[in-house]
Amino acid sequence: METPLREQENSLESSNERSSYISEAAAAIPESANLGEEILSQLYRPLEACYNTCYCKKCCYHCQFCFLKKGLGISYEKSHRRRRTPKKAKANTSSASNEPIPNRIRLCQPKKAKKETVEAAVATAPGLGR
């Protein structure tokens, strides 16, 4: 029979062995966590400039920068505003667009008036009585 102190020491040794196994398993987890952190740091790292001008499939997908710029067409560069065309260039358009709008409306209105007069004449004309 062992003394109670030795039993406690043996139980402590066995618990230390278990904790060593746990620490080894826990040691494997941080490596994968480190890998995950490394991947995340790569995602949030500013993209490096790539000066490849080819738009083939291989070149569009070879890095994240090229994928965004060439594959998706996203560019964060300052875009230049387009200049307005001069007023003189606008005056050279077709003659129909130069005609004012009210004149066009007047051309259409007499046709409607003729229809109304025909309808009024039919309404006032005496019919064949009953």
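In case you wondered, yes, glycine gets a Cβ from its N, Cα and C as well.
Feature annotation from Swiss-Prot assigns region 'Cysteine-rich' to 50-66; the stated evidence is similarity to another entry. Confidence annotation: the region 'Cysteine-rich' (50-66) carries a mean pLDDT of 82 in the model.
What Swiss-Prot records for 67-77 is region 'Core', and it gives similarity to another entry as the kind of evidence. DSSP assignment over the region 'Core' (67-77) gives 5 helix, 0 strand, 6 coil.
For 78-102, the entry in Swiss-Prot reads region 'Disordered'.
Annotated motif 'Nuclear localization signal, and RNA-binding (TAR)' per Swiss-Prot: 78-84, in sequence order, evidence recorded as sequence analysis.
The annotation compositional bias 'Basic residues' is assigned in Swiss-Prot to 79-90.
Positions annotated as compositional bias 'Polar residues' by Swiss-Prot: 91-100.
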